[in-house]
Amino acid sequence: MQTGQIIRALSGFYDVQSEHKIYRTRARGNFRKRKITPLVGDFVEFESESQTESGYILEILDRKNEMIRPPVANIDQAVVIVSAVEPDFSLNLLDRFLIYLESLNIQGLVYLTKTDMISDEKYQEIKQYLDYYEKVGYPTFAPRTAFTPEIIQAIEDTFPDKTTVFTGQTGAGKSTLLNHIDPKLNLATAEISQSLNRGKHTTRHIELIPLNDGLVGDTPGFSSLGILNVTSETLVSRYPEFREIGQDCKFRTCQHVMEPKCAVKAAVDAGEIMQSRYTNYLQFRAELKDIRPVYKKSK
């Protein structure tokens, strides 16, 4: 029996990396009976006679996290790709995804693409927004000139000893960026649907690729995103700046809405917390309160 990590899943097969070798495997039949699905990123115990013959996954080891969209396990960090235009830059969509990452204890990074398609004035506006995200704990990359050796190196420097996924809105340029990081990847790039101002999905499967002493994955994009893995009560803890400043609120359980002597609301008024972050927070709370619980029917 050996241990390794699933780096690719395709058509019922799972490629497992173990000691720098790749083994093709299938999941044992009892996984289906136990309603367990192996995920890319899973650490597994498996058996295989050789690299040329299919082996079997025997057990999935405990996951430290599991992304639903995309379905990947044991992720250390996620580079969220946002475009300046086509599709349009959206703070709301960025906040939704960062909230999701916070809920899974995944470090979020933000990379801005298509800056060559906007004016200097628009670039400075977006850059000011992203500077705020950098300040509250999300490393950001917003190059005025795309794909310079310096910016590619800066991204690569985050890879060692980590499993990283690249994700973001469809058509924002995830695969294009990865192609510049390593041209051998030759990943398909997206075309933009002009009528919807959204991209066409091009990444068909999920794969982790060894890059710069780490594993990197390009994942299928999304054109919209609900609020995942959070409730109206836990939402407040998904904002790192709220967690820090909220310690000075009068009430320990302050939700920063109607409560008196709220340090977060005071920080918004003082310009210490970006207004859009708080506005989106209130919107997300309202959306979550409208979600009705789904109850399983009794047999």
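Just so it is clear, glycine is given a Cβ too, placed from its N, Cα and C backbone atoms.
Taken from Swiss-Prot, the feature domain 'CP-type G' applies to 64-225, supported by sequence analysis. What Swiss-Prot lists as GTP binding site is T113, K114, T115, D116, G168, Q169, T170, G171, A172, G173, K174, S175, T176. The Zn(2+) binding site feature in Swiss-Prot is assigned to C249, C254, H256, C262.
Counting every protein chain shown, 19 other Cβ atoms lie within 10 Å of the Cβ of T115 (GTP binding site). When the neighbouring Cβ atoms lying within 10 Å are counted for each of the binding-site residues (T113, T170, T176), the highest count belongs to T113.
Excluding C249, C254, H256, C262 themselves, the residues of that chain whose CB lies within 8 A of the CB mean position for the Zn(2+) site are, in sequence, G246, K250, F251, Q255, V257, E259, K261, A263, V264, K265.
Cβ neighbour count for C249 (Zn(2+) binding site): 20 (other Cβ atoms within 10 Å of its Cβ, all protein chains included).
In this structure, T113 (GTP binding site) is part of a beta strand by DSSP.
Comparing the binding-site residues A172, C262 on other C-beta atoms within 10 angstroms of each C-beta gives the minimum for C262. In the shown protein chains, 24 other C-beta atoms lie within 10 A of the C-beta of H256 (Zn(2+) binding site).
Fewest other C-beta atoms within 10 Å: among the binding-site residues G168, K174, C254, that description fits C254.
Take the Cα of T176 (GTP binding site) and measure to each of the binding-site residues C249, C254, H256, C262: the nearest one is H256.
Nearest in space to C262 (Zn(2+) binding site), taking C-alpha to C-alpha distance over the binding-site residues T113, G168, T170, A172, K174, is G168. Distance between Cα atoms for H256 (Zn(2+) binding site) and T170 (GTP binding site): 33 Å, as a whole number.
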